[in-house]
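The next block holds one structure in the form of C-alpha cells; read it before the comments.
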Amino acid sequence: MAKVLYITAHPFNELVSNSMAAGKAFIETYQQHHPDDEVKHIDLFETYIPVIDKDVLTGWGKMSNGETLTDDEQMKVSRLSDILEEFLSADKYVFVTPMWNLSFPPVVKAYIDAISIAGKTFKYSAEGPQGLLTDKKVLHIQSRGGYYTEGPAADFEMGDRYLRTIMTFLGVPSYETIIIEGHNAEPHKTEEIKATSINNAEKLATTF
C-alpha cells in the first residue's frame, strides 16, 4: 500500500480552476485503480506553513545547542517538523498549481522550504549534495493561460522548472507533468484544452 500526498495550491476549486479540475480527475481515477492506497489532501491555502524567519533560524540554533526555545520559536519549529515528517511518510506526491507571475503561488515555495532539510531530504557529502528521496514519485499538474512549454515565452517559465529542479536535487527519480496551457491565449479552445487535460490526468492515474 502506498501513501499519496495530494498537494493543492489554488484558492478556487475545480469548478473555476483548470488545474484543480485535472487534479480532481486524477485523484478520483487513481483511487479507483489503487483502492488500497492512502490519499491525503493538503490544501496549502488552508494549511499553516511557517516561513523560515528569525524565530525558525534562532530556534534551530537553540535546539542544536540544547537551549530553551521561546513559545513562538517552539511553535514554528514544531510545525515545520510535522510538515516534514508527513512529507517523508509518503511515497508519491501530486502537486496542483496555477502559474502565477511566471511561477506558482508563494505557499508552494513555503512548503518546499519546509521539506528541503539537510539530513532529512538531502545530505552533504564529499561529492557534494545528495538527494535522499530516491524511492519517491512526483506529478505536477499546472495550468497556464498562455503558452510556455515552447516558443518565445518558454524561458520565462519558472514554476514547473523550479519544482522539477528541487525534486531532482532531493533525489526523486520519477517526475511527471500534466501541463494545461493556452486557454487565455485562445479562449475559443478553453473547453477543448480542459477536456484534454482531464483525459490525460485520468490516463496517467491508472499507472502512476
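Each residue, glycine too, has its Cβ placed from N, Cα and C.
What Swiss-Prot records for Ser17, Asn18, Ser19, Met99, Trp100, Asn101, Leu102, Ser143, Arg144, Gly145, Gly146 is FMN binding site.
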Surrounding CB atoms that lie within 10 Å of the CB of Gly146 (FMN binding site), all protein chains: 15
Looking only at Ser17, Ser19, which of these binding-site residues has the biggest number of Cβ atoms within 10 Å around its Cβ? Ser19
DSSP-derived class (H/G/I helix, E/B strand, else coil) of Ser19 (FMN binding site): helix
For Arg144 (FMN binding site), which of the three DSSP-derived states applies: helix, strand, or coil? strand
Across the listed FMN-binding residues, Ser17, Asn18, Ser19, Met99, Trp100, Asn101, Leu102, Ser143, Arg144, Gly145, Gly146, what is the farthest Cα to Cα distance, given in whole Å? 17
So how many other Cβ atoms are close to Leu102 (FMN binding site), meaning within 10 Å of its Cβ? 14
